[in-house]
Each structure stands twice: as C-alpha cells, then as structure tokens.
Amino acid sequence: MMVGTQNLGGSLPPLNSPKSYGITKPLSLAGPSSADIKRNVELEKYLVDEGLYESKDDTMRREEVLGRIDQIVKHWVKQLTQQRGYTDQMVEDANAVIFTFGSYRLGVHGPGADIDTLCVGPSYVNREEDFFIILHDILAEMEEVTELHPVPDAHVPVMKFKFQGIPIDLLYASISLLVVPQDLDISSSSVLCEVDEPTVRSLNGCRVADQILKLVPNFEHFRTTLRCLKYWAKKRGVYSNVTGFLGGVNWALLVARVCQLYPNAIPSMLVSRFFRVYTQWRWPNPVMLCAIEEDELGFPVWDRRKNHRDRYHLMPIITPAYPCMNSSYNVSQSTLRVMTEQFQFGNNILQEIELNKQHWSSLFEQYMFFEAYKNYLQVDIVAADAEDLLAWKGWVESRFRQLTLKIERDTNGMLMCHPQPNEYVDTARQFLHCAFFMGLQRAEGVGGQECQQFDIRGTVDEFRQEVNMYMFWKPGMDVFVSHVRRRQLPPFVFPNGYRRPRQSRHQNLPGGKSGEDGSVSHSGSVVERHAKRKNDSEMMDVRPEKPEKRASLSPQSLDIVSPENSAITTGWTPPVCNLRRPPSEEIEADNLNTECTELTDLARNECNSGSEQVLEVDSMAVVQECSDPAEPLGKCVTPDSVDVVACVSGQEENLDRNLRSVSISGTDSPLLPSRSCGQNRDYEGFGFPAANSDPMGKKNLYSQSGMSEDLQSNSLVSGMEKSEDRARSESFQKSQIRLLT
C-alpha cells in the first residue's frame, strides 16, 4: 500500500463533527495550515523513500499465504472431527476461522514484517495437544514451512514459523461452540464465554485492533502517524515489548489517543502533538481510548483502586476491548526513563522542524547506544545448533527484562539499566552465538550515602539460575553475563566491524542541549562549551594472584551499610568501565496561557552535580559513587601484566593485558545486601515503595486523561498549542575504575 497526498483535502471530518472520540473533549479542533500540509507531503515522501511500504506484489503474496493457512486449519479441524467419531454432518460443518491482528490488521506493516494471525476453532479442539502437537506436526511436514518454533509457555501461547518466506505468528483460541460460523463476530463478548485466560489474551489481539480502528477519527491519518512513530521507535531503540519498552499495540494505543485529542489534524501535526502530549504526561496515570467496562463474565479488568498489583504499573496503556488490560506491564523504572528522554528528544526535533530548522531525517537519526554509556552488561547466548539457538535465544530474551527489574530491586532503584532490544552476532565465530547488551548508569536525582556500593553478584546468579530452568533445555545451551567497558566492546556490534571516531555525547543525547542563547543543539551540532572533551581517563588495577575465572557467589546479607563506603558488584565478569551520569537535571513545566493552568507538572530530577563513580572488579563489578569531587584519591598503582579471563563459548581464554588503576579508597567497603539466589518473584513483588510506584498519590490515583483533573476542559485547547518545551541540559562527570582481588 502506497500513500499520497490525495486524501488531504476530502478525508478530513467536518470541524463541527458531532461525533466525539475518547473519554475527554479534544484539545484542539484545528485543521491543517498550508505549512502543515507541506510538511505532511515531505513526511509521507520520506516514509516512502525509506522503504516502509511494501509493493503490491508482496501484498498479494501475503493474501495468498493467509488463504493457504486458512485451508490448512480447516482441513486440520475436519480431520480431528472425523477421528473423534463425530457424525458425517458434523465433519462437514466442522470449521476454523483465521483472523489477523497487530500491524497487518491495522494496515501499518512493512516489507518483511510478520503477520499476527489467530485461528479460532471449536470447543473440542484444544491448544495443548491438537494445536501444539498435531497441527505442529502437519506444518513441520510441509515444504513451504520453515523455522517452525512453538512457544506454548508464553504469556500468549504462539507458534512461530515462516510460510513461503513470510513470517507468521499463529495463535489458537478454542471457543465454546461445536461449530464455528464463518462470519463469527469476534468483537462480541459472547466469544469469551467459558474460555480460559490464555484464550482471552489470544482473542483480545483481534478485538483490540478492531476497537482501535473504531475509536480513531480518521484511520488513514492514524495509520500514517503510527507507521512514522513505529519507525522512529525502532531507530531510537525503544521498540520492544519483551525487553521492557513498548511493542506494536502499545504504540498504536498511544497514537490513537493523540488522534482523539486532535481529531482534525493530519499526520505531520499528529506526530508533533504526540511528542508534545507524552513529554507532559503524568505517568502513571493511564492512557485510555474509552472507559473501562465491567461485564458479567467476571474477568479481571485493570483497576489500580481495586487491584494491588495494578498500582505498581509505571506506564499503564489500557486496551479498549473487554477485559481491559494494561498492555505495557513490562515497563520498568529504567525503560520508562529511557522512553521519557526519547520523547523529549522527539519533541525538541519537532519544534525545530516546525521552525524549518531541521528536516524529517533528523527525527529518525539512529540512537548511538554504544556511545551513550561507559558501562555495559553483555549477555552471551550459545547453543549446539541453529534450531536450539532459536528456541534458547527466545527464552533468554523473554527473561532479559527480569534482569533489569532485579538490578533495580537489589539496588533500591539507584542503578538504572538501559537494555538494547537488538541482538548482535559475531559472524567470525564458528559456534552458534548471539549477544544482547545493557547500558548501566546511576539513577539521576536519587539520594544516597557517600561512596555507596551495590552488590549485584547475587542478582546475576539469580538471573542465570532462572534462565537455566528452561523447560526445553538441551546440552550446549548456555548463557554468560559479563561487564564490558565501552572501549572493550566487541567489533561485531559496530557497523562494518569497527567503531567510528568518538564524538561528543551531546550529539546523541535525547533532547539536545540548551546553549546560552536559548537555542537547542541536536544531533549533528555541538555545544561550544562541551566541544573539547577528554578521552577516556579510566585506568585499571589488577592484582595477579587470581588470574582464572571463578563462579560468582552471592554475598552474605548485611543489615547495616556503612555511610562512607558501599558499592555495586556483579559476579565472574571481565573488567568493567566506569559509569557516568548526567549531573543535575531540571525540566520545568510549560506555562500555559491565562485561560488555564499547567497541563502537567514535569518531574524535577535533583542530583549532585559533583558526583563521581568508580567500578571495582574482582571477578565482579563494583560501582561506587562519591559526592565530593574534591575528595583525595589514593595513589596510582601500576601492576605487572596479568591474565584476565574472558568467556568464549563456555571456555576460558587468557588475554594478556597491561592495566593501570587509580584507587578511590584504600580500604574495602561494606556492600549493600544482595538478595539471595533462587528467588523467583514477579515485578509486583519486588517491594518498590508506594511513593516510587504511584508518585501521584491518591489525588491522581485514577485520572482518566493522565492530565490534572482541573484541566479536563476545553480551556486546554489554546494552552496546549502555546506550550514551549525546554530541553534538558546534561553534562558528564569524570569517573575512575579499579580492579580488586
């Protein structure tokens, strides 16, 4: 499907349209200006040039594949009906129906995208045996089917495969009917009668997609805007539900809400309003397209007033179909911070675009993840063969989010983790391998004791133990977690196998930097006062008495933490680079006009401007924070060369390195207690304080719009249009590193 500009004129609804969308009145009924239309043409041309639309031939191939899958499941159900002794009439009437959902159903899929598909079958055809065993075997024997991978234990059980090269995610729902009609109305609540919760989740993918299209004023404008923002999210590294960011349905719901608030806006306007709204949204107030409805069927719906677990959701985005659920329960404190920064980045770029100071390409600039941090966790995944690696990687990736949550939990939210959704493969290695990475940074604006240490050896052990409990584990499957310094990152994570010349990190920060004249510098521009940047000054101190790798052990829990010294530690890892964090940051709320008060109070993050961080490693990593930059350092020690053990495919490889170190303290510091291994807790059980999980308090515990209750009126219209967002100013502090034995 291609896009053009022919719909800009006649497709807009009338300005005084009587139909209302959403749970609040629109923020603006304004239509596009001539400048908006011009920018919209440029945006759509950019999306086409970027190859985001598939050809007509590819569209026809997808339709043919869906027709073929429909034939297969119909034959499968008839075969089972006959084998189970039903009458000839029942065999003749036996039926299964295929529905699509996700990006394909919403019309925003691109070339090579998978097709989210749901098979609805009769009550006597079950998921556990009939779908995941019998249908699986039928598909496995077909030449058209490749990379068949069942995931029966997923939150939404799914069978993944490629059919004639097109990726398919096939779900199954057995409803309480002996015969499934071909014209089944899946949006009716009656399909949910007498089904289990996995079936409800499977059915709701289609039900949510249909509801979204019904709840937006103009679905063509919605589709273009969503296609644009999904592409932006992938470029900025925040498109992944499994790692704690947002997936396709989350982005669709966020875009749909903006379409409701600006019903007459075209895509170029909606993209701008998207960033304007969500940089000012008061999380954890929920985003909802319609009111949450109860039903006599009795399924639990999202309601933080009644459900204790719902109060710990940080970024609730509620699905519009019964039973209404939070589609973004995976979001953690760390990933919410990253997404908030990226929203600010997008908002600043859009302000520049509207002033004709930037082009659309600036919005979609790739986020340089491997230049953003000094510390990274590397998670290496290995398996015996390609099929095992596919299954093992999917399992480890699904648990990767838990590592983020556990680190937040065990450091009381003082260490933030930025998981990178993309996987990386070292093609130079002969064994089957892939790797994921996570950036590490001390949380901004958190209080803490001087030189505090955080022990996460037990955290890493706990993560590895949970991962190794994989139900379908096979010999050869293994996972390794290690710290790497930025300049020790493996070459295969960089384009063409080599890192590009170092640039000022201000070019990669979301939101750019504010100069003295008030102008904002984005990627591609350099703030003069930060133009000169020192090279990495971190040094390392290695003592040679323990050259070999050893398994990490969880430290004993301590009830008292020293006010002078404490740290962060991970187990059996190579040396880790120093962590850097921005100093004090303050985002002021935008002042609206006199007709209304603030749209929202933006969070103020206060932190020590002179903080300095150090990592210490003894087959472990230790992050140390000192608030006084003038604190005297210990003397520099230059040891002899020593063997540092690196993990390669489960084997040890000795690497001779000459390392130096600057020590911050002459004595070992007590460690913050770590959680013992073997605990398997949900995010809701991590014990975050209510102040962190629900900072808005009772007053805003359940606000329908996410905005201040006194602002839910038409007086917001002019205020939103006149708001001026300010970019946050960040700088980076020096940090040191040392190795302990």
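Glycine too: its Cβ is placed from the backbone N, Cα and C atoms.
Here Swiss-Prot flags PHE101, GLY102, SER103, ALA113, ASP114, ILE115, ASP116, ASP169, LYS230, TYR239, GLY248, VAL249 as ATP binding site, drawing on similarity to another entry. Secondary structure from DSSP puts LYS230 (ATP binding site) in a helix.
Swiss-Prot lists ASP114, ASP116, ASP169 with the feature Mg(2+) 2 binding site. Around ASP116 (ATP binding site), the same-chain residues at least 6 positions away in sequence with a Cβ under 8 Å from its Cβ are THR100, PHE101, GLY102, SER103, TYR104, ARG105, ASP169, LEU171, GLY205. Reduced to three states, the DSSP call for ASP116 (ATP binding site) is strand.
What Swiss-Prot lists as Mg(2+) 1 binding site is ASP114, ASP116, and the listing cites similarity to another entry.
Taken from Swiss-Prot, the feature compositional bias 'Basic and acidic residues' applies to 534-551 (among others).
If you look up Swiss-Prot, you'll see 701-717 (among others) marked as compositional bias 'Polar residues'.
Taken from Swiss-Prot, the feature compositional bias 'Basic and acidic residues' covers 721-731 (among others).
Residues or ranges marked as compositional bias 'Polar residues' in Swiss-Prot: 732-741 (among others).
Positions annotated as region 'Disordered' by Swiss-Prot: 494-556 (among others).
Per Swiss-Prot, the feature region 'Disordered' maps to 683-741 (among others).
Feature annotation from Swiss-Prot assigns motif 'Nuclear localization signal' to 485-492; the stated evidence is sequence analysis.
According to Swiss-Prot, the site 'Interaction with RNA' annotation covers LYS160 (among others), on the basis of similarity to another entry. Its own atom aside, the Cβ of LYS160 (site 'Interaction with RNA') has 17 Cβ atoms within 10 angstroms in the protein chains shown. According to DSSP, LYS160 (site 'Interaction with RNA') is assigned to a strand segment.
Under the heading site 'Interaction with RNA', Swiss-Prot lists ASN330 (among others). According to its DSSP assignment, ASN330 (site 'Interaction with RNA') is coil. Of all the Cβ atoms in the protein chains shown, 24 others lie within 10 Å of the Cβ of ASN330 (site 'Interaction with RNA').
The site 'Interaction with RNA' annotation in Swiss-Prot covers ARG401 (among others). All chains included, 22 other C-beta atoms sit within 10 angstroms of the C-beta of ARG401 (site 'Interaction with RNA').
DSSP assigns LYS406 (site 'Interaction with RNA') to a helix in the three-state reduction. For LYS406 (among others), the entry in Swiss-Prot reads site 'Interaction with RNA'.
Under the heading site 'Interaction with RNA', Swiss-Prot lists GLU598 (among others), citing similarity to another entry as support.
Distance from the CA of ASN330 (site 'Interaction with RNA') to the CA of LYS406 (site 'Interaction with RNA') is 13 Å.
Here LYS230 (ATP binding site) is compared against the recorded sites LYS160, ASN330, ARG401, and the shortest C-alpha distance is to ASN330. Summarising model confidence by region, the motif 'Nuclear localization signal' (485-492) averages a pLDDT of 90. Counting Cβ atoms from all protein chains shown, ASP114 (ATP binding site) has 16 others lying within 10 Å of its own Cβ. Classification of GLY248 (ATP binding site) by DSSP places it within a helix.
Residue counts for the motif 'Nuclear localization signal' (485-492) under DSSP, split into helix (H, G, I), strand (E, B) and coil, are 5 helix, 1 strand, 2 coil.
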